Amino acid sequence: MRNIVIFGAPGSGKGTQSDKLIDKYGLNHISTGDVLRNEIKNGTELGKTAKNYIDKGQLIPDELMVDILASVYDSFGKDHKGVIFDGFPRTIAQAEALKKMLATRGHNVAAMIELDVPEEELMKRLILRGQQSGRSDDNEETIKKRLDVYHGQTAPLIDWYKREGIHSHIQGLGELDRIFADICAVVDRL
Ligand code: AMP
């Protein structure tokens, strides 16, 4: 079982590379951002709560995220090929909760793959995505807040996963296929 955390700032290409990994390795996918946007679309209570945070570029409280994550994870059954965690964990508390949640099921995270992309490129990509997709949080003001949140709350996970001994760094700027090949080299070793 290959459980993989695909990690990086907003706009680093996590979603794009996740889709390619799913195709190649038959993995399952949890994008917490997609789960929340779906809840918003369906007008659920969770969606209403989430929208308040998302539109401000803030993170949804950890307790709420951890519950959602466990229930989506269990929906894949007991002996799946692995799950790509995309957009989770985003805080140290979430990383600890993920480790615990998996351990109680006899599972683990096999790799954390960091997509490293320079800040100016992230801004450019996110503004372009906002124009194309109309995502409400892909506007300049909210993007800046999300990048601040990333540096303050999420980036410390790089050292956390280094200490776990499962961190891999990938140069996330350049040709899509080269980036994917670099990721596959990590996954093939698992
Ligand atoms: P994403 O699509 O991953 O960029 O997520 C969009 C927004 O959803 C984020 O800016 C957060 O407000 C919220 N979100 C997604 N995943 C998480 C998470 N693991 N913890 C807290 N908030 C999250």
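A Cβ is built for glycine as well, from the same backbone N, Cα and C atoms used for every other residue.
Residues or ranges marked as ATP binding site by TrEMBL: G11, S12, G13, K14, G15, T16, R129, G174. In sequence order, V117, E121, L122, M123, R125, L126, R129, I143 are the residues of the chain that are 6 or more apart from G11 (ATP binding site) and have a CB within less than 8 Å of its CB.
Long-range contacts of the region 'NMP' (31-60) within its own chain (CB-CB distance under 8 A, at least 6 residues past either end) are made by residues 14-15, 18, 68-69, 72, 86-88, 90-91, 136-137, 141-146, 148-149, 153. Taken from TrEMBL, the feature region 'NMP' covers 31-60.
The AMP binding site feature in TrEMBL is assigned to T32, R37, Q58, L59, I60, G87, F88, P89, R90, Q94, R135, R146. Secondary structure at Q58 (AMP binding site), taken from DSSP and collapsed to helix, strand or coil, is coil. Within 10 Å of the C-beta of Q58 (AMP binding site) there are 14 other C-beta atoms, taking all protein chains into account.
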Long-range Cβ environment of T32 (AMP binding site), under 8 Å and at least 6 residues apart: M65, I68, L69, D86, G87, F88, R90
Please list residues from the chain of S12 (ATP binding site) whose Cβ is under 8 angstroms from its Cβ, counting only those at least six apart in sequence. L115, D116, V117, L122, G172
Would you mind sorting out which binding-site residues among G13, T16, T32, I60, F88, R90 put a C-beta under 6 angstroms from ligand 1? T32, I60, F88, R90
Per DSSP, G15 (ATP binding site) is which: helix, strand or coil? helix
